[in-house]
């Protein structure tokens, strides 16, 4: 209910004329046709009440501007009728000695920066007003703003962080995105009233919100969204909103600092360029040479990074496929023809040997290579002939039509995926922001996958990407109770080649920050996952949307050439059945668990061993063939797989065959 324009007692006699001026302006606006909107009435009431209660004389507009609740909108309304009015509406600035040469600039209209918290709150409040809401309460507005994905930072407090002052004394610990509300109310863009507080956008706020939308090139998504066709991704590299990733690095400037991480983008196969993709730390960087095309804005890029996790666990044994794993498991036996050839493939066993210092630039250069593609998923040499491994698995091609004419790419989120109180809005938010279909299903593994749905037959094919999303707090608990290793093992065995591990939140304020950082490092470097890092929910939503566009672009580009030469994607039913079958414990699974108890035997090494020898009996039989040559027995596994180092090979031999 709008407050009544009634006269109040003025604390200072000198301010009676000013108070009367505000009151008369209020009454005159109420008498206009259509009256005065409730939120504007609250704004004028607050201004009038605080003018009446002022303890200092108000002699100019500058003095009036200092009164709490009086923003630029109120100043503009009173400018023509205020006694002794001044054209300068800006807050008074210091005129201390030494400020010579400064120009007395006029007032500058406040417009929030793009993707700032104020920007997101103002646009959200504007959209909700259009949808019929006259006001919003604090938590309701925070939830709606975070669900919009318009802010680069969280609006409400991050529950994964400790209380301010627990780990650092910086005043930044107290800041959240909601802190900008003070600025919005003081500038007259948002009106606040009642207890509990209710927030309403003013007319000035509406015009500012529209200006923000216009400057950002955004449509107003307040109206219902209708999608009639799949997105046009012919030039997606230039159209997508960029993903901004951060590494978890502590610096002297504060508990956490956002720095660069390896960034790659989907490459155009016709463009042969090799830019360097850097991984920056506080003082140094690792330069990855890969066949990728960077985005136009070097600070932000679309990321589908060079995961070394493309092995396909199919064929003879569900853990490791005989064909797809040959380059990494047993090149001397299964791929001897290529054993002496230098390629651009990234084999993570070669990682330590391929880093060379470049002292002149203070950086390190890594010769990147991967059995499967890195950024454009096709990093084999042009001379290498490999029907199945050159590109990712493709849906079947039944006509001469292009990919988007035959198929629709759909993002599938697990129904157990937890986004807190925002879960109900997550699907609509991704759908409205990125114009991509999103559905909820019960996934047997992972938190998100992408399917290609046949537009005529409605058959669903699972594309070669899967995401496991972890909040830093959940990641810490999963490490403690060993769910962490089991979940990663299930991801590796699911048959999809691009494994994305999405870590949400900042671990630095936590006691277990070092454990989380180590887990992220080993997951990416040693185990070949593509580890994506996001500061919070809003960035996670953008990551899902941008990955969907990038995946769509990749399949659109390679469908015409790769559909006849690559493997065929699993149908959704085949994928779920395969994952359900993996839950069954086999003799090889038990053998792998036993091997991982041996010193120096990693998960990758254990998988490599059982790929060669699925049971303990088969391994013992292989040792028996070399009986009498202890040196050869100790090196047998090392010679058959680059994933097994000399120490692990020797220790496994001692466990299985050596006496004593």
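A Cβ is built for glycine as well, from the same backbone N, Cα and C atoms used for every other residue.
Values in this document were obtained by computation on a predicted structure and should not be read as measured data.
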Candidate ranges 548-585, 586-623 [criterion: Swiss-Prot lists as motif 'Helix-hairpin-helix motif 2']: 586-623
Secondary structure content, the domain 'ERCC4' (411-506) (per DSSP, counts of residues): 35 helix, 34 strand, 27 coil
Helix, strand and coil totals (DSSP H, G, I; E, B; other) for the motif 'Helix-hairpin-helix motif 1' (62-81): 11 helix, 0 strand, 9 coil
